[in-house]
Structure formats: C-alpha cells, structure tokens
C-alpha cells in the first residue's frame, strides 16, 4: 500500500488529535477519581458523627483489631507480612501526610512510591511544565503530557497507581510568601529541588514549622541523601552555613545527569519519608549517604562513629567537617558534587552535626516566621530561584555581535574565525560548520592555534583587513569570559556572539538541534 505526502500529513494530524483526546479523557478520569475519593471521605466523617465510631481510613471496620479494610489488607499485604513493619507501620503511613517539592528527576520516583505505599495525603509542588528532555529521568511523566503542568501529570500518574489516597496539587512555585502555608499542611517534607536558594528556603521553613525534611541531590553520576531537622538533628544550615559561589552551583540542564542516578536517590528519599511516617527503622538523620554511580559505591557518613559503607570502606566522624589527618577543620562545600568529590577522595573526612550557633535552629536563634518571609534567598545565595539559565553581561556592547549580524557577515563572504569554547563532549553533540573547538579551560594554552587560524583565513581572503575573531558557547556566558581573557592576551578585536548556539538556533537556524 502506498502513501503520498498528503496521506502522511493527514495521519500525523489524526495522531495528534487522538493524543489530545486521550489526554482529556485521562484528565477527566483523574478528576472523577479525586471527586469520588472526596465523597468517600465525606461519608466517613458522617459515619463518625452519626455513629460515634471512628474508622479514620475506611468505613469498613475489619473486626480484626485494626482499621484496615479488606481491600487495604490485600493491596498492602506485602507490607503487612514484614515483621518490622506490619499493621502498625501501614496504619501510621495511611494516617500521614507528605509533600514533595519538585516533580522532576528526584520527585518522580519518590512520588510514585509514596503513592503506591499508601501515604494518606500526598502533596505535589511544582510550577514547571513537562518537556521532551525530561523523559530520560522524570519517569512519572509521559509524552502525552508534554507542554502541560508537571503537577497535573504527576498527580494523574499517582492516582493511576493508587486511587484510594488523596493527592493535593500545588501548581505554583514555592516562595517565602507561600511556603509556610503549603508545607505547614503536611507532616513530612521531601526536597526534590535542584538549586541552592530553594534548599536553604525549604530547610529554614521546615525548622520554623518543626517539620522533618528528607533532602536529596543528584548531578552527573553522583548523588547524596540525608534527613534534616529530625529529632534534634542538624538542619541544612548546620552543615552549610555559607552558600557556595554561584559559579559552583550547577544544575542538570548545565552539567547533565545520567537518568537513573536521580531515580536511585529519589527512591531512597521515598524510603526515608516512609520510615519517618511509619515510625519504623532509623532515619538518615545526622548521617549522609553518598552515591558514586560510576564506581558503584555507596558510603554513609555521620557523627555516630564508624559507618558501614557498602563499599567496605570506613571513616571516622566527629561533629565538624574534619580530616583525621589534618590539624584544622576542613570547610564543607555546599554543592552536592563538591561534597561528594571531597568525601570520595578523603575517606577520613568528617561532617558537622547540629550547630548550637546555627542562625536558624541554634540555641539562641531568633529566626521567626516573619524573618523567614522577609529573607531574600536569591540575594543570600547569589543564585536565582528561577530554573531559567543564568545570563551574564560582562562585556561592552561593541565587544558583542548578534547571531543575525554574524549570519549577514558570513553571507557577504567576510573573513572570520569562529572559536567554540564549549567542552569537547558538548562540541560533539552539535556545532556550527567550520568552527574551531577550544574549550574555555584550555584557551590560554592554545592561543597559537587561534593565531594560525586567523592568519590562514586572512590569507584566503586576500584583502587588506584581517579576519575577525568570534567566540561562541552554548548560551553566551562562557564566550563572554573567553572574550575577556582574549582581550587581556592581545586579541583585542575578539567578539562574543550574543545568545551562543541557542541564540543561533532561535534566530538563524531553527533546525539546529538543541540540548
């Protein structure tokens, strides 16, 4: 059977129409399931008022000395078979409420497992929308939800796993203006965000509210996990009183991440939250789990003596970050990857416990609700709360050129050399024809290559004026740093390309792949 171009176009349109219809149907089903659940809860409350009995989860009393219905016994039977968990652990879980801030790589597995395990009320906080580049790690989302709010997608997935629990959607960015109100509705908070200001804000909010915080981080091939503000344990500021430099705060969108790494950490976050909610086991308070996926090592550091690391290595711990071979404390870096890097290469390093001098949870702290609402976390960390890429402005206007202006010069046949200062593995993904890859960190050492390229292009042109030097990166930040260095090193005519490769794709060549 043969198809012409028109047939293909018609099929594509029909597929898109069917996808949209499926999304609407799924959304309607989710809404009806939520409505049904709320009706059942209302009936339960009426039963309590009318009969004086109080089965908090189900209107059906089993008669076996607990409040689990027949459906619950069957659904959670594998939990109930665990001697250390059993009926009491499951009952505690069903009565608990947990909120996950961030429905991304960490939040996805955490939300799915918390829903599946039977958390009574599960909150989801996120203001972002689902994108195609989320699919490799944010497993709670599907392609049909691309362009739609992550909260809506995550809530639908959670309800499809367990329609018997209550899912609460908070489709908004968490800020000091709403954090106390939102997080105050739940027993336990799971931080699944990926930026410094959010981490400080959520931790401080949990201290003010007296809520335990399960915190996870993942970047590249490494991750970390701990529990803050639990039973007298440290808060985030106890370990990291000083924010890291803004240049050290990397995100997945900039540095990349292997999809399964946040999946592992997110699952462990769910585990810690379940342990706290069910009052089972020993939560990871005062200790920190570090994952090195590349070497398949997991180590646990704390202040309770020698930990049992899965790699078989042991370390000595105290109340401050200190190397046992050093005479003075070693500062504890804030970014997850720096922290992991330090501990990975020094098995004798130790981490801080709770600090009595902590500005937020210390003995003499005066950090109140009012102070929290007035605190500027973006200024404190010198990092934006927004997930949008940072945009630097380091150069004068005459040292920069737009992508469209550059395109015009290329069309006119003007001589030029285009230096791409992205790392080599970025350059291999996509690059402009004829560009010369010299990563920023090796720029000074490879100046002779730039001089040779300029001379070669000038000779080809055969004109009196020499070739112009342009510098490009991914978004136009590193290229500005490179141009600054080049100016100091004698290449005074070097110009930065505004917006970098992304600007070129946006304004010149929409078919250029982006990453």
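Numbering starts at 1 and runs along the chain as displayed.
Even glycines carry a Cβ here, placed using N, Cα and C.
The active site, glycyl thioester intermediate annotation in TrEMBL covers 252.
The active site, cysteine persulfide intermediate annotation in TrEMBL covers 473. Annotation for residue 473 (active site, cysteine persulfide intermediate): spatial neighbours 420, 421, 422, 440, 479, 482, 500, 501, criterion Cβ-Cβ under 8 Å with sequence separation of six or more.
According to TrEMBL, the ATP binding site annotation covers 105, 126, 133, 134, 135, 136, 137, 150, 194, 195. Summarising the environment of residue 137 (ATP binding site), the number of other Cβ atoms within 10 Å of its Cβ, over all protein chains shown, is 22.
Long-range C-beta contacts of residue 238 (Zn(2+) binding site), restricted to its own chain and to partners at least six residues apart, with a cutoff below 8 Å, comprise 352, 353, 354, 355, 358, 361. Summarising the annotation, TrEMBL assigns Zn(2+) binding site to 235, 238, 358, 361.
Per TrEMBL, the feature domain 'Rhodanese' maps to 412-513.
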Between residue 133 (ATP binding site) and residue 235 (Zn(2+) binding site), the C-alpha gap once rounded to whole angstrom: 33
Rounded distance in angstrom between the Cα atoms of residue 137 (ATP binding site) and residue 235 (Zn(2+) binding site): 28
DSSP-assigned states of the domain 'Rhodanese' (412-513) in counts, ordered helix, strand, coil: 44 helix, 15 strand, 43 coil
Confidence summary for the domain 'Rhodanese' (412-513), mean pLDDT rounded: 95
Additional residues surrounding Zn(2+), by Cβ distance to the 235, 238, 358, 361 centre under 8 Å: 207, 228, 229, 234, 236, 237, 354, 355, 359, 360, 362
